[in-house]
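According to Swiss-Prot, the protein has these features:
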type	residues	note
ACT_SITE	LYS196	active site, proton acceptor
BINDING	SER12, TRP13, ARG33, LYS110, ALA145, ARG260, VAL284, GLU286	NADPH binding site
BINDING	LYS110, GLY141, SER143, LYS196, ASP249, SER259, ARG260, ASN261	sn-glycerol 3-phosphate binding site
Amino acid sequence: MAEKIAVLGAGSWGSVLANMLTENGHDVTLWSRNEEQVKQLNTEHTNPRYMKDFVYSTNLTATTDMKKAVKGASVVLIVIPTKGLREVAKQLNAILTELHQKPLVIHATKGLEQNTYKRPSEMLSEDISPENRQAIVVLSGPSHAEDVAIKDMTAVTAACEDLASAKKAQKLFSNSYFRVYTNDDVIGAEFGAALKNIIAIGAGAIQGLGYHDNARAALITRGLAEIRRLGVAFGANPMTFIGLSGVGDLVVTATSKNSRNWRAGYQLGQGKKLQDVIDNMGMVIEGVYTTKAAYELSRKRQVQMPITEALYRVLYEGEDIKTAISQLMDRDLTSENE
């Protein structure tokens, strides 16, 4: 059955998901603050800043008016970086109160909040009143927007403690090239989605320094061990980390040049300064903020995360990237299961 869906956030992932939902037969309105971006989407059906050369469905409508996008929507999909998530959630909450609507909320945000280190679903549950929403579903997994745009085969996870809501999201998104599995482990799905960006920066740095496949494989594998340890410390199911929102998302993000976190790490490995990398990218590099969050959380929970600690020193204390990588190899020898 066709649903009326509001998609908040018109970056690469938000706009491509909105386009796919439109082609799945749903009535979709895409919201963005940027008037020029909305004009291009509505008249030229393009989004050149984020998806160069991709042409969007003529049935997809964009607007700068969030109330217009949300009015009558049974589903709200939020695809906003963590830094701006609360502001959008509060604006949405006020609109839902005014409209007396209670939609299903789905988010595809990957990261942890600065300072509080909260997961996206925690932020949304605080800022969108229970009377204004149904459950909150997490959509996560190995899914570059560029691949989904060309209808390359993709599989992701819809995670929610209420499996009926996860199954509803599953039906909304699934099609011949985009397969959705369900999971009830929101904590694991969100930690996997956020922390993999840290390891992707490290993987990019490894290659930027000139190391090859063995080094990259070692870093990704040991990085997964770190992600699992921290997630489990917060109550996640360890099995989630060998699924799509865990190892799946990690592999695609830490091995692909489409990953902005990998590209940022690669430039750091080549000797560029962090601020120059950020300026050059022109987009949010979630892994930079997530590194600090994970570093602080690991210290509070006394969880060993040596790769994260090394990258924290590079990103926030100015340590040389090559020195940090060398120190990882010089650590005391230990069991793989520790």
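The backbone N, Cα and C atoms fix where each Cβ goes, glycine too.
Positions of Swiss-Prot features highlighted on the structure.
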residue: SER12; record: NADPH binding site; DSSP class: helix
residue: ARG33; record: NADPH binding site; DSSP class: coil
residue: GLY141; record: sn-glycerol 3-phosphate binding site; DSSP class: coil
residue: LYS196; record: active site, proton acceptor; DSSP class: helix
residue: SER259; record: sn-glycerol 3-phosphate binding site; DSSP class: coil
residue: VAL284; record: NADPH binding site; DSSP class: coil
### Summary
Near LYS110 (NADPH binding site) (Cα-Cα within 10 Å), the recorded positions in question, chosen from SER143, LYS196, SER259, ASN261, are LYS196
#### Entry: Cβ neighbour count (within 10 Å, all chains shown) around TRP13 (NADPH binding site)
21
### Task
State the three-class DSSP label for LYS110 (NADPH binding site), counting H, G and I as helix, E and B as strand, and everything else as coil.
coil
### Largest separation between Cα atoms (Å) of residues that the record links to sn-glycerol 3-phosphate, namely LYS110, GLY141, SER143, LYS196, ASP249, SER259, ARG260, ASN261
16
#### Entry: Distant-in-sequence Cβ neighbours of GLU286 (NADPH binding site), under 8 Å, six or more positions away
PRO81, THR82, LYS110, GLY111, ALA194, ASN197, ASN261
#### Entry: Taking residues SER12, TRP13, ARG33, LYS110, ALA145, ARG260, VAL284, GLU286, which bind NADPH in the record, the widest Cα spacing (Å, whole number)
22
### Query
Going along the chain, which residues six or more apart from SER12 (NADPH binding site) have their CB under 8 A from its CB?
ASN47, TYR50, MET51, ALA145, GLU146
